[in-house]
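Per TrEMBL, the features are:
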type: BINDING; residues: ARG203, 223-226, 291-293, GLN297, 345-348, ARG525, 536-537; note: substrate binding site
type: BINDING; residues: GLU219, ASN221, GLU442; note: Mg(2+) binding site
type: BINDING; residues: GLU219, LYS384, 438-447, TYR449, 474-477, GLU500, LYS527, GLU533; note: ATP binding site
type: DOMAIN; residues: 282-381; note: domain 'Glutathione synthase substrate-binding'
Amino acid sequence: MGVGHSSLSSCSVDSLCITAFIAQPKTTSFSNSNRQKPLFPTKKQSPFAVLKIGTLNCARVAGEMEIKKGIAAAGKPIVDRHVIDDGLIQKIVYDALVWSSLHGLLVGDRNDQRSGKLPGVGMVHAPIALLPTSFPESYWKQACELAPIFNELIDRVSLDGKFLQDSLARTKKVDAFTSRLLDIHSKILEMNKKEEIRLGLHRSDYMLDEKTKLLLQIEFNTISSSFAGLGCLVTDLHRTLLNDYGEDLGLDSKRIPGNTATGQFAEALAKAWTEYNNPRAVAMIVVQTEERNMYDQHWLCTVLKERYNVRTIRKTLAEIDSEGQLLPDGTFLVGGQAVAVVYFRAGYAPTDYPSESEWRARLLMEQSSAIKCPSISYHLAGTKKIQQELAKPNVLERFLESKEDTAKLRKCFAGLWSLVDSDITKKAIEKPELFVMKPQREGGGNNIYGDDVKETLLRLQKEGSEEDAAYILMQRIFPAVSPTFLIRDGICHKDHAISELGVYSAYLRNKESVIMNDQCGYLMRTKVSSSNEGGVAAGFAVLDSIYLT
């Protein structure tokens, strides 16, 4: 099966194990947020039922292939999953909740006001999918192969200060947040300060477009790429559930790829700490005032301490402004402790800077010799506008010499346009359901969809202002819709859902030496198909893992 094509009609032995999770393409797109909630079959018509014709075709192919890859060795027929017993689902849900509680697959409970400030108080299991989501192995390999290429691209873009400033010049005029970031970047350029040690902990997000059969990139995250810790735990949870119930479900836990995001992110941070060459220094995690996703962060800090004996401290931007001190040699002290690595899990949204105190802290860190993850240049290189600029003809060649690498990147680019493109703007007004408007924001809940795209574009045209520079237009991606069991707050419900694959990567460089450039595990997020946004922390999605087909 080629990378560009996959369907139920060309079913392999491996995909036979997962037909329960594959839905037929829906003609009604998920972009209509006002459509009726999907109706689900009764117990006798399980949403995970396999079409008879598909089962027969797969069985015939399996016979011709002599039941390869472990099915013959098992000596047992594939379990008939036309009906998944409700009692079985209840058992799996119960075990999933117990496992999550015992293994730290937890977030702060929004109903407890202290849960975002005090660890161990008001904990609840993270929102999760009960079972893994199917994903074609060829596309999985493609996403993994892209990771080190994107790492190298972002590093080279970060070094071109003129490109960053010029590309974001119009945005700066109308977007106060981006303007402040660019001001800091300008000051660093004026200082002629070189970031000799550069660390990036990234995540590239993709969806598999049902119509084109292409793996298309949604965005590339260079700051606060979250859920490496909890994402690994979901993988472990799903493997455990399939080890216990795989025979009943006809699923093999070995088809869930291993997830080493926490360990490899910790390794990258530890190697950066080593390069800084001050054994008394700490790694500092920049956090929000209230953080209900603190356990995802604590997992990373725990691995850093236990494996590499690197101590960490957690500070808000306001605390850094109050306690921070920059020595003449560039050493950065916080509370009297030297900081080797600054790892941002905050600072990506305007709400993280409620006063000048937070902006002073950001500038102070950038002026120091501490290794920033990300630096201000890496942060800007991950903005939506830069993503759109890189998709223009001949721009990738400015940063990458390999024609093979640029071709691989272009293959995953969705359509990306500036709003100054009048032809595209006209098309977006005529067919807004085919586009997404994106501001220069991270964290979920910021994009514009459907009729709101049309209304916003018409308003911008009427006003004739330069506010259009605050946005980009992106081709809307339509992935396949599949029935899924979702668990939130201890309650499991069935719904039609779509999924988004995030591939983590780490990049560490000291001058001309590339110390680390690796793909580092993954994050699968699944949301109901009627939801536009996809953030887990923002309450739109659940954590998931993948089942290779």
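Glycine is no exception: its Cβ is also placed from the backbone N, Cα and C atoms.
Whatever TrEMBL says is automated annotation, not expert-curated.
Of all the binding-site residues listed here (TYR348, TYR449), it is TYR449 whose C-beta has the fewest other C-beta atoms within 10 angstroms. Note on proximity: among ASN221, SER226, ARG292, ALA346, the binding-site residues of the record, the Cα nearest PRO439 (ATP binding site) is that of ASN221.
The binding-site residues considered are ARG203, ARG292, ARG476, LYS527; of these, ARG292 has the fewest other C-beta atoms within 10 angstroms of its C-beta. Around ASN221 (Mg(2+) binding site), taking its Cβ as the centre, 19 other Cβ atoms fall within 10 Å, counting all chains. Other Cβ atoms within 10 Å of the Cβ of GLN297 (substrate binding site), summed over all protein chains shown, number 21. With respect to their backbone Cα atoms, GLU219 (Mg(2+) binding site) and ARG203 (substrate binding site) stand 9 Å from each other. Counting other CB atoms no more than 10 Å from each candidate's CB, the binding-site residues SER224, SER226 peak at SER224. The DSSP breakdown of the domain 'Glutathione synthase substrate-binding' (282-381), given as helix, strand and coil counts, is 43 helix, 26 strand, 31 coil. Summarising model confidence by region, the domain 'Glutathione synthase substrate-binding' (282-381) averages a pLDDT of 97.
Sequence-distant neighbours of ALA346 (substrate binding site) (same chain, 6+ apart, CB under 8 A from its CB) are SER224, VAL286, VAL287, GLN288, GLU291, THR316, LEU317, ASP352. In this structure the C-alpha atoms belonging to SER226 (substrate binding site) and ARG476 (ATP binding site) are separated by 24 Å.
Listed in sequence order, the binding-site residues from ARG203, ARG292, GLN297, TYR449, ARG476 having a Cα within 10 Å of the Cα of ASN221 (Mg(2+) binding site) are ARG203.
Each residue contributes its Cα atom, and for TYR348 (substrate binding site) and TYR449 (ATP binding site) these two points are 22 Å apart. Taking the Cα of GLN297 (substrate binding site) as the reference point, the closest of the binding-site residues TYR449, ARG476, LYS527 is LYS527.
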